[in-house]
Amino acid sequence: METPVEKTPLLPEKSRSDVESNDGESESQRLHTSSSSSLQQLLQSRLLLLGVALVYGSLNVTLRMVYERPGPPSASVLSTTRGWMAVICFLPLLRFSKSDRARPSDDENDLIEGMSCTASASPDSSPSLSSDHSQHQRNNTAASALIVTDANRHSLFWRFALELAVFNFGTQGLLNLGLITTASARASFLVQLSVVITPTISAALGHAVHGRVWCACVIALAGLYLLSSSSPSSDDSNLLSVQFTTGDLCCLGAAVCWSYYIYRMSAWGEYFDETMTQFCKNILLASMYAAWMIISLMVHNDERLWEGWKDPISWVLLFYSALAPCTIADIVQQKAQSFVPAAESNVILSLEPVFTAILGMMLLGEMLSRNELMGGSLIVVASVLASY
């Protein structure tokens, strides 16, 4: 019969209090490390968004530089060239794209409700303030009208891409026309009005809008009034003069189109892959620009649409406008906004016209008048207020 051998522990046993103390210290260290890493990531994302605002601010200045080159292109040729360059810039990104189908949803009625929102204010597309039973009944009605299948998703995807392309065409086309006669900083301030136009469109379609947004709209209108009173065709010292140039009206039209673009993107964007959506949208957009150029060529058949097409500087400027603001900035913005709250992101991006004014002053010698400075400042303040 063997005598049991007492096993001696290799390490001294720790008391329960010691273990709990060490666990508490390690947990505290992990939380501290995680907090420091999150703070650093937040700061880096803020800097990235600041850089995005700077790149976006350089777009109008770049296009104005193209128009000031010898034999500049017409707005249709400029838009077409930039459009197809943007498509080429997106090609390397397609390998990271998931698919052109709608993302699966836990509740297919959510997809139906988001995709069946129309531009007109109808009871089905307006937000409901009724009971959950009414909401469920509306969803069942929508489900009976539209069965979500792969074919439907594919069809809805192209409908979404086409709608984005149409309003992006209106935005950039009108802006390119406006920049022919309107200074880059002034155009940027006018387009910035989209921040307060977007909630106005939402309210017109039946969505609730916070009171501070209406306050921001009043401030923006005051800024717009000051900008209009400083029109080149009016006396800058006469605040009672309200007059817009054709270029100013084009920029305001661009702001309206961009506002509706943002509204539809918010309603539909979450259901589709971003890269594939933007790529297909850019193909449709470039095709619309090409049709615009062909029609312009047919109407003005005795006029060269781009006499200085051999100018290498113009090509470099156009390629930069397609690569940096239209491709790289969009990707960096999406990455940065995954760490920065939407309201704070909008505030940082509202600095875009400020950067445009600085770059326009440095590169083009464009000086803002007193009314333009005051009006532009009010529009920036309204943008910040509407973002919170």
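For all residues, glycine too, the Cβ spot is worked out from N, Cα and C.
Automatic prediction, not curation, is the source of TrEMBL annotations.
Features of the protein shown, as given by TrEMBL:
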type	residues	note
COMPBIAS	119-132	compositional bias 'Low complexity'
DOMAIN	246-387	domain 'EamA'
REGION	1-36	region 'Disordered'
REGION	100-135	region 'Disordered'
TRANSMEM	187-206	transmembrane segment
TRANSMEM	213-230	transmembrane segment
TRANSMEM	242-263	transmembrane segment
TRANSMEM	283-301	transmembrane segment
TRANSMEM	313-333	transmembrane segment
TRANSMEM	345-364	transmembrane segment
Within the same chain, the residues 6 or more beyond the ends of the transmembrane segment (345-364) and with Cβ under 8 Å of it are 46, 49-50, 52-54, 56-58, 60-61, 64-65, 68, 183-185, 187-189, 191-192, 195, 333, 336-337, 376, 379-380, 383-384, 386-388
Do at least three CB pairs under 8 A connect the transmembrane segment (242-263) and the transmembrane segment (187-206), leaving out pairs fewer than 6 apart in sequence?
yes
Let's see if you can do this one: DSSP helix, strand and coil counts over the domain 'EamA' (246-387), in that order.
116 helix, 0 strand, 26 coil
By a Cβ-Cβ criterion of under 8 Å, what residues six or more beyond either terminus of the transmembrane segment (242-263) are in contact with it?
119, 164, 167-168, 170-175, 177-182, 186-187, 190-194, 197-198, 200-202, 205, 225, 227-229, 231-234
On the domain 'EamA' (246-387), the mean of the pLDDT values is 83
